[in-house]
Each structure stands twice: as C-alpha cells, then as structure tokens.
Amino acid sequence: MEINEEAMAAHKRAFLDFLDQDVGKGVYMQAVRDMVQNKRHRLIIGMDDLRNHNLDLARRVIRTPGEYMQPASDAVSEVARNLDPKFLKEGERVMVGFSGPFGFHRVTPRDLMSSFIGTMVCVEGIVTKCSLVRPKVVKSVHFCPVTGDFLSREYRDITSFVGLPTGSVYPTRDDNGNLLVTEYGMCEYKDHQTLSMQEVPENSAPGQLPRTVDVIVEDDLVDCCKPGDRVSIVGVYKALPGKSKGSVSGVFRTVLIANNVSLLNKEANAPVYTREDLKRMKEISRRNDTFDLLGNSLAPSIYGHLWIKKAVVLLMLGGVEKNLKNGTHLRGDINMMMVGDPSVAKSQLLRAVMNIAPLAISTTGRGSSGVGLTAAVTSDQETGERRLEAGAMVLADRGVVCIDEFDKMNDQDRVAIHEVMEQQTVTIAKAGIHASLNARCSVIAAANPIYGTYDRSLTPTKNIGLPDSLLSRFDLLFIVLDQMDPEIDRQISEHVARMHRYCTDDGGARSLDKEGYAEEDDGDANAAIFVKYDRMLHGQDRRRGKKSKQDRLTVKFLKKYIHYAKNLIQPRLTDEASDHIATSYAELRDGSANAKSGGGTLPITARTLETIIRLSTAHAKMKLRHEVLKSDVEAALQVLNFAIYHKELTEMEEREQREMEMKQQADHDAGATGGTVDGHGSSGNDPMDVDVGSNDQNVSAERIQAFEALLGQHVLANHIDQMSIDEIEQMVNRESTAPYTRSQVEFILERMQDANRVMIRDGVVRII
C-alpha cells in the first residue's frame, strides 16, 4: 500500500510522542537501550500501553496495520540512532512487534475469516510444520566492467509493508545495454521461513478437520519455534495472489505476516483455583480413601475396574521428570496398556481419559502410521522444499496419547514409538534434515489378545503376542477378562439399565461423564464438589455404607484436582521409601525367577524399578505431599502387583502368608470360606477385576489359575489331549510349591468341565 509522505510523517510523530511520553515510566526507553546494548533489532510494543496513550491510534493500528508498521519502525529507529549513531547501518531499521490483548482480534485458525484480511490479529495454535530457513534478497548490487559503475536495486514482495511490490528478476544489462556482473558479497539478504499453525487438539471441533494457517516469519523470528510448540503469533492477515499470473479465478491464498512470536505454556488453558478449591483439595488429600475416591470418580458410567481406574489416575498425575547434569533424561510419564476380551470397556476408559486429561490426543492402531505418530518429512506443494511435520505424539507433548486397537498396528509402525516411550524424543534423520523433537507424553493403549479372546491355558505373554522390548516400556499392563458369573452379570445389567433410565427433569438424557454429570458445579464456583446422590443412577444396594452417597467427585473438580497435583506438587524420595523400593524390587525379581505358573504379564527388569518410583511419586502427588513415604510405595506396589499378577494383592510377603493361612484352614474346616482376600482398597464394586474363588473347596482363585496354567503348559509341551486324574494330580504336585489335595484337583477339573474346557469320563480328562 502506497502512503503519501504527509501521512507517513504524521504517523511517525504519533509513535515518537508515544515513546517520548512513555506511559510505562521509562519502560520503552529502557527497552530501546537494552535492544541497542544487546544488538537486537526488534522492539515489542504493548497494546495496553498504546491504548492508554492514544486509543484512536491503537484502534487504527489493528484495523489498518499496513499504514503504521513502517512509521512505527522509523520512529523506533530514530530513537535508537539518537542513543547510538553506530547502532544501525545505512538503510537498516529497527522492526516493531506488538503484544497484549487484542479483544475480538484474538482468534484461533478456525476463527480466521475473510473479515480479518488486512487487519492485525493474534492467533493461537500449535506449530505442525516448519520449512527450512532460506535467504531472501533485499538489495542486489551489480558492477559494470565497461563504465566501472555500480548499480543497486531493491526488491519487495507482497509481504512487505514498504511501497509497492517489485519484480524479482535480476538486471543483466544497464540502461545503455552494457553487461552487468552481480556482486554477491555486497548484496543484502534476510532470512525467511514458513510455518504451518493448527488449532490445538483439545479445542478442535469434533468430527471436523483441524484448520491450519500458514505463517511467514522473517529476520530474527526464524527458528524461534519448532513443530509441537504452542505459540501465540501476532501479525497481519493478508491475501496473496495465485502462482499463475493474470489469474482471474478469484481464489487467493491467505498467510499471516508475523511481527511477534510468543511461546505459550503447555498449561495456557489451566483452570482457575479459588481459595475454597485449595481448601477442599487439602481436605480430600487428608482422607484415608483418597485413592478410592478418585478412582470411583473416573468414568462412573463404567462398572467395576477400580484398580484400572486407580492406575489411570496415577497415569494422569505422572511422576517427576529428571534431567541430570550429564545429559541423562529420566522420564516421569507413566505408560499403560490394557489387554483383554472384547466388550470389557477398554475403549470407554480411553474416552474417559480424553474427557479428564487437560491435553489428550486419540488415535487408533489401524488408522495410524509410524510417521503419523512421530514425525515426517514432507514436500511443500508450491515450492517443493522439505518440511518437518509433527506427529500425534509430538503434538501431545506434556499430555496423554490414547491408542486404541494397539494390536492391529503394523510391526514397523509399532517399532517407531519405542524411542518415544522411553527417551521421550523423536529423532529424524532423512532427506537432509536431522532434528530431535520433544514428545514428553504418557501412552495408554488398549488391545485384544492374539486369539481374539484371552486363553487362560496360555501364559500372559503368549496371549498378548507383543515383543518384550515393547512390553517392558509399559509401566503397567492389565489383563481385563470377561468373566461368566451370574451374580456379576446381574450387577452389570442393573448398572447399565440404571444408566439408560437416568434422565433429566425435562425428560432428556443426561451425560454421565461430561459436564452434564456435574451440572451442579457449573453455576457456582463454590458449589459442592461431590456428585449429588441419585437413587435411579446409583441404585439402592450400596455395599460401602452410607458414605457412598458422596463418593464421586464432579468432573470439573476432578480436573482441577488432577491439574493442581500434577503441575504444582513435585515430591522427592525419602530414605525410608528408597530402601523399601529397593527391597520390593529385589523380591519382585526373585518371585519372577522362581515362578512356575507362567509368571506375570510383564517381565521384571530394571525398568520395573523405575516404574515403582514413578507410581510412588504419583501417589504422593495425589496426597499433595512433597515427600514420597513408605505408604506411597506400598500403594504403588498394590497397583503394580495387580497389573503383573492380575489379582488384588498387597505385598508379596502378605500374599504368601495368605496362602499358608488358607492351607491351614482347609485342613481344619473343609467348608470354610476361602475365596480371594481383599487387599488394601478392594471393593465390592469391582468384581470384573478379580477371578472368583471357590467357596466349597477353599481353593483360592490364584491357585485355580496356577493349576490351569500348569495343565495347559504340560498338554502343549507333550502334545497330548487326555490324561487321567491321577496323572494330573501327580504332575501339578510335582511342579507346584504348594500341593493340591485330591478333592481340590477334582473340584478344579469340574469347574473346567462346566466351562466346556475339559471333558471328564471314567477318571480320564480329555482336553477340549
């Protein structure tokens, strides 16, 4: 846009008056001095200060920035030259950027409409692509050997605010037709780079493609951000003509010409805590049932799975990340995988994480590729230059990645996330680009067993079918089984029926996991933090007593609690907790080495030791403590033992003690109740997580599973399909540390026959 000299001078005087008056009590004059001292060439002006000085000027800068960018630059350059005449070379000027509140002009890429073209806007989003930094010629110098004269020429494109655009062709002859030689060393260039900015994933409209806007940055703004960074960019929104000259199609490409780039905190959309919120958080952290309370508050529409819900709470809280002086990075994020039969609410748990976690990105195994999860090098359609494009895990930096149907992913694509899950970085070395991007995220995956349904006669490792190199990167691996028990099925059906009958006063359906479930918390910041008891929703048979009427937090308060504990509490290990962790890890290693019943779901490696530390730290965060105590380690071991041995166990010593007690009780009272013994925090609300033991023969669920595993391994190893009961009894007692009585063997075989897994006739057991 061409502006007459009088208007330019008037605009320049307005900015000089602003700098002279300096409403910030010397702030801008000091900023100019610092800029001159540090050899920088950009001054950032706050819009609030400009409004306080001259409201009309601030409005005109936003509405028609093309008229004011160069006068503002000239004014600042004049002030800088007065401070230091040698600061700027001939033809150089100080660039100006803007910051502060922009009102309606603070938008996301989805809100950028044609009405904003030609105005200054502040756009917030996440960087998805970055081009290489290229030089752009500003002034070319040519020498004529015939006349001995130098000829210079300036170049301006559509992105320039100074004058009209010029051609981009180098002159080869002067006005008299003499040949010219370009003096490249005397030419002037400036750096430029193209970014692609996309709206943040958590604010994307469901069912719609995310919107993207191209951003052009120049000079000192290049390389100020990388893919995966959340940024706020202030610039002028412009429409550029198409590549073909003389195009009359009316379709233009829009870009944002940036003058200020600010990196946003990952928690830019953090909730606001009131004094009452902090008081209630401390009250909840002091309760003895804090762990159960948060677990029950997560996904209340899902029946049971209390231990898995507890693990998800710890995953969202995470441990403490450590970066040592020698460059070693110790991750604090927790990775978790669920493997089990279909229709056991694995995917629903992932959706619950999407609703609660501040930043969560969902993907599927079949719909994702290795480069789509990590990063890719792509080619620009117009210029053909290479670009680095961030994948889902880079975009979810400091968040959670939910991967459903993990077993459907190709092996090559699955290997691509090995580095992310342990080192938490994505390293790219292809097409001449070598880069390392941060991907500090937790991974929660759901998968089906290799045979579709879980085969209890096989070991967990054979059912899962994934390599140990990948399994060891998961801190927790849960086996979720669909058990056929009439009592459990009745309770689940009642729970599902209550959800379908639960309606609002006007007859509409009410959401259980979203804000509708916490509607009493919407209108008042000091509203109750617990979900109001509803007879239709919660039922009448409440096994956990009267207090269970208020045993679920509202979704809004649960988000606040998790965000506060995750980001503002950084616990450290105490000596007592460290000793207990070392002892427990040694016992876990010893137990896995001596296991004869197929072992657990995960190999016990050095990564398991770090898992215990991360889980203990997450539990300390949940209790809002700044130190990790022995009780936190014990709670972490309960979750870890349940994940490894899929039983509600406490410490391994207590598990062995219970086996001895049940064995002694069986000798004295054949009809006594055995079953499974509740560990810390076990709940009658959680039947799907625990195999139901026998009440008649006093055989624990663990011994039943160990028996079935021994029988399955023996049958597969010897390629036989039938055995006598005497042979089975001798075999299991030979392989097991605790012997089985004849009545216990017959009872377990009858259970297997009822499940159509074996057929017994005349003392011979045939494997089906």
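Keep in mind that glycine also has a Cβ here, set from the backbone N, Cα and C atoms.
Some features that Swiss-Prot has for this protein:
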{"type": "BINDING", "residues": "Gly340, Asp341, Pro342, Ser343, Val344, Ala345, Lys346, Ser347", "note": "ATP binding site"}
{"type": "COMPBIAS", "residues": "661-670", "note": "compositional bias 'Basic and acidic residues'"}
{"type": "COMPBIAS", "residues": "672-682", "note": "compositional bias 'Gly residues'"}
{"type": "DOMAIN", "residues": "290-497", "note": "domain 'MCM'"}
{"type": "REGION", "residues": "661-690", "note": "region 'Disordered'"}
{"type": "MOTIF", "residues": "472-475", "note": "motif 'Arginine finger'"}
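For Gly340 (ATP binding site), the number of other Cβ atoms no farther than 10 Å from its own Cβ, over all displayed protein chains, is 23. Residues Gly340, Asp341, Pro342, Ser343, Val344, Ala345, Lys346, Ser347 make up the record's ATP site, and a Cβ search at 8 Å around their centroid adds Ala446, Asn448, Val480, Asp482 from the same chain. The Cβ of Ala345 (ATP binding site) lies under 8 Å from the Cβ of Ile302, Tyr303, His305, Val480, each of these being in the same chain and 6 or more residues away along the sequence. When DSSP labels each residue, the motif 'Arginine finger' (472-475) comes out as 0 helix, 0 strand, 4 coil, counted as helix, strand and coil in that order. All protein chains included, Val344 (ATP binding site) registers 21 other Cβ atoms within 10 Å of its own Cβ. In the predicted model, the motif 'Arginine finger' (472-475) has a mean pLDDT of 82.
Proximity of Ser343 (ATP binding site) to non-local residues of its own chain (separation of 6 or more, Cβ distance below 8 Å) is seen for Asp482, given in sequence order. Its own atom aside, the Cβ of Ser347 (ATP binding site) has 17 Cβ atoms within 10 angstroms in the protein chains shown.
Under 8 Å, Cβ to Cβ, and six or more positions away along its own chain, Pro342 (ATP binding site) finds Asn448, Gly452, Thr453, Asp482.
Non-local neighbourhood of Lys346 (ATP binding site): Met338, Gly340, Asp404, Ala446, Val480, each in the same chain, at least six residues away, with C-beta under 8 Å from its C-beta. Its own atom aside, the Cβ of Asp341 (ATP binding site) has 16 Cβ atoms within 10 angstroms in the protein chains shown.
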